[in-house]
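In what follows, a single structure is set out as structure tokens and then discussed.
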Amino acid sequence: MQLYGEEIGSRLLLGTAQYPSPQILAEAVEASGTEIITVSLRREGADGAGTGFWQLIKELGVKVLPNTAGCHTAKEAVTTAQMAREVFGSNWIKLEVIGHSDNLQPDVFGLVEAARILSDEGFQVFPYTTDDLVVGEKLLEAGCEVLMPWGAPIGSGQGLRNPDALRAMRAHFPNVPLIVDAGIGRPSDACMAMELGMDAVLLNTAVAKAGDPGWMGAAMAQAIDAGRQGFAAQMMERRDMAVPSTPILGMAVFD
Amino acid sequence: MRILVNGEATEIQASNIAAVLDELLYEGEALATALNGQFVAREQRQETALQAGDQLEILAPMQGG
């Protein structure tokens, strides 16, 4: 998988929040085989907590995708992205412009505006967006080369609320990397996203809040791999009626 | 003078951002600053003068999804 010209082996992108401990975060990162983890920026006290976290992240040896989580306007998101670029030394930014505090859905108007500004400033934008095709087109026009449609509201673990819309995105944007971001709760959700032809899955809570995050990281990686292979191998069409798998020809007659 | 540092009213002697970081004992490379909503790059901190009432944000890496 190529993301902004970089070859990425793992199709699982993992968030770093909400783990029981830094040690368990490190275990989950390793067990999942992820090559990209998301991080954020927050107010720093003089105790240097953020510097300590950054040290841990660097030791994990994976690529970092900083986010603009919590930003509600394009301006906030742009400023946060500029600050993230300086701290993390990367042009990659997971762009979130939140439009509603209840369901954390993207403000797609602010998102497109911020994506344009940041792309013009040389950022490589990973926009957290809805599954709307027109918004996707506007984001590509704004300079994005990756789209990250939601599966369900952030942290809800509801899985894919609208698989048809994701299928339509795959058909409409055949050559754009599509990463389902948000809403994945279980391995089967991640597998389904991949069966629909998504290029990757970004998740956090499903692993961090699992009883055993390391184990769940591994399970997610396997589910993503299985779904990807299923898509590549081209699944059979559903049928309305039963069709015997075993040939009728040559059946014995006993009456 | 008094400015807001990460939302907290703070009395400072320093007159620019670089000096405020020193005065408030911020250390390390993994810090980014913004003044009144505008990003201030590391190399501009020294030359960015502060005025009473300014809002300074000092951010660092944190866990995120």
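Note that the numbers count up from 1, one per residue, in the order the chain is shown.
The backbone N, Cα and C atoms fix where each Cβ goes, and this holds for glycine too.
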* To do: According to TrEMBL, A:Ala182, A:Gly183, A:Asn204, A:Thr205 bind 1-deoxy-D-xylulose 5-phosphate; identify which of A:Gly155, A:Gly227, A:Gly230 is listed for that same site.
  => A:Gly155
* What count of other C-beta atoms do you get within 10 angstroms of the C-beta of A:Gly155 (1-deoxy-D-xylulose 5-phosphate binding site), across all chains shown? -> 19
* C-alpha spacing of A:Gly155 (1-deoxy-D-xylulose 5-phosphate binding site) relative to A:Lys94 (active site, schiff-base intermediate with DXP), in angstrom -> 16
* In sequence order, which same-chain residues at least six apart have a C-beta under 8 angstroms from A:Gly183 (1-deoxy-D-xylulose 5-phosphate binding site)? -> A:Trp150, A:Gly151, A:Ala152, A:Pro153, A:Ile154, A:Ser156, A:Gly157, A:Gln158, A:Gly159, A:Leu160, A:Arg161, A:Asp189
* Structure fact -> Within 10 Å, the Cβ with the most other Cβ atoms among the binding-site residues A:Asn204, A:Thr205 is that of A:Asn204
* Structure fact -> Here the binding-site residues A:Gly183, A:Asn204, A:Thr205 meeting chain B with a Cβ under 8 Å reduce to A:Asn204, A:Thr205
